[in-house]
Amino acid sequence: MKVCVLGAGSWGTALAILMAGQGTQVALWHRREELVQQLKEDRENTKYLPGVELPSGILPTSQLDEAVRDSEVIILAVPSHSIRNICVQIKDFVHADQYVVNVAKGLEEGTHLRLSQVINDELPYNNVFVLTGPSHAEEVAKGLPTTVVISGEERESCECLQDLFTSPAFRVYTNPDMIGVELGGALKNIIALGAGISDGLGYGDNSKAALMTRGIAEISRLGKILGAKTETFAGLAGIGDLIVTCTSMHSRNRRAGILLGEGQRLDQVLDSIGMVVEGVRATKVARELSEKHGVEMPITNGLFKILFEDADPKDVVTEIMTRSNKHEMEEINSLYYYGWN
Ligand SMILES: NC(=O)C1=CN([C@@H]2O[C@H](COP(=O)(O)OP(=O)(O)OC[C@H]3O[C@@H](n4cnc5c(N)ncnc54)[C@H](OP(=O)(O)O)[C@@H]3O)[C@@H](O)[C@H]2O)C=CC1
Ligand SMILES: O=C(CO)COP(=O)(O)O
């Protein structure tokens, strides 16, 4: 199969390396000609993924129409806020039989749409898929064992893409729950910012475990209302991605959180990370969704106050910790289930 990857940031480049390593021909599109020239000359993405050689099967290009027209599979690897724009740019030369695979993790600001819905809006005749899960670009590019999930509406085409992406070091599972896998990928970034803040404040492993566990609880609460299967949040696209993002120094969300916890301002933090920190926009959208649907999301709410209302992270932690007492599972299952009246 011929493939194009739109977006030569860290994830687009790593996926191109993965597929080219298996003999697939990959057009790697980037919007800036100077970066394309640098990729061609050095055979390395020194800005976004330094230290990994680009296999010969990768063709860097700034010609969007050529890259798209020649491909059977189009992989969208730009940040979530650019997904609609890239679809608008390609809609005149996309064919209905081309598969579109989104690998970005986020929700659209304003509309609250999941990214597959945004893509469907602009490319209504294409089959849309999502590839997600615990997968830092730096490790995938080095061939370190990784597991992810692919989701889409048709089982057969999902399995076909499962085969395309699978390698001995990259194991792909299918999951038909598009809503769940997309929400898991988008919402874990909020909790990862929180985990970073906790680290930046000098809090310990207990605090991080609390954030991760109560984080997946609030993700599941919102996800259930939005139509996801709660089991999905116990899988790779849920707790799996949450674990990797909250614990890894590769995570831009966690690193941004650390700097915030150390007292830096959001604009300074985003400048110094220099790559997309999806959790910031996701926090805004998730907070609006939680208000719209009346779902309690104390961690997301706290993050919103830190990011957009200049709240002191320590005060936010105190506020979260001193809410009224609760049962652990009350939001998800009836207490009768546990044998209590
Ligand atoms: N990095 C990772 O490990 C993983 C990332 N993801 C997700 O993949 C998505 C992309 O992340 P990642 O590659 O890491 O991001 P990076 O910040 O590394 O790179 C983003 C790339 O997108 C380009 N870009 C930004 N806006 C536009 C636009 N409007 N049109 C065209 N190109 C644009 C940037 O170009 P320029 O250089 O010109 O600014 C840059 O090449 C995110 O949603 C992220 O959550 C998912 C799994 C793993
Ligand atoms: O989604 C990711 C890993 O699965 C990447 O996370 P960051 O954007 O926080 O680096």
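We number each residue from 1, going along the chain as drawn.
Placed from the backbone N, Cα and C atoms, the Cβ positions cover glycine too.
In TrEMBL, annotation is done automatically, which means it is predicted and not curated.
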NAD(+) site partner of Gly7, Ala8, Gly9, Ser10, Trp11, Gly12, Ala137 (as recorded in TrEMBL), chosen from Arg252, Arg254, Arg255: Arg252
Site co-member for substrate according to TrEMBL, given Arg252, Asn253, out of Lys91, Lys105, Lys142, Lys326: Lys105
Among Tyr48, Tyr125, Tyr173 - the residue TrEMBL places in the same NADPH site as Ser10, Trp11, Arg31, Arg32, Lys105, Ala137, Arg252, Val276, Glu278: Tyr48
DSSP three-state assignment for Ser251 (sn-glycerol 3-phosphate binding site): coil
Ser135 (sn-glycerol 3-phosphate binding site) - helix vs strand vs coil (DSSP): coil
Residues satisfying Cβ distance under 8 Å from Ser10 (NAD(+) binding site), sequence separation of at least 6: Asn45, Tyr48, Leu49, Ala137, Glu138, Met275
Binding-site residues near Ser135 (sn-glycerol 3-phosphate binding site) (Cα-Cα within 10 Å), from Gly7, Ala8, Trp11, Gly12, Arg252: Trp11
Euclidean distance between Cα atoms of Gly12 (NAD(+) binding site) and Gly133 (sn-glycerol 3-phosphate binding site), Å: 15
Asn253 (sn-glycerol 3-phosphate binding site) and Gly12 (NAD(+) binding site), Cα-Cα, nearest whole angstrom: 18
Number of other Cβ atoms within 10 Å of the Cβ of Asp241 (sn-glycerol 3-phosphate binding site) across all protein chains: 28
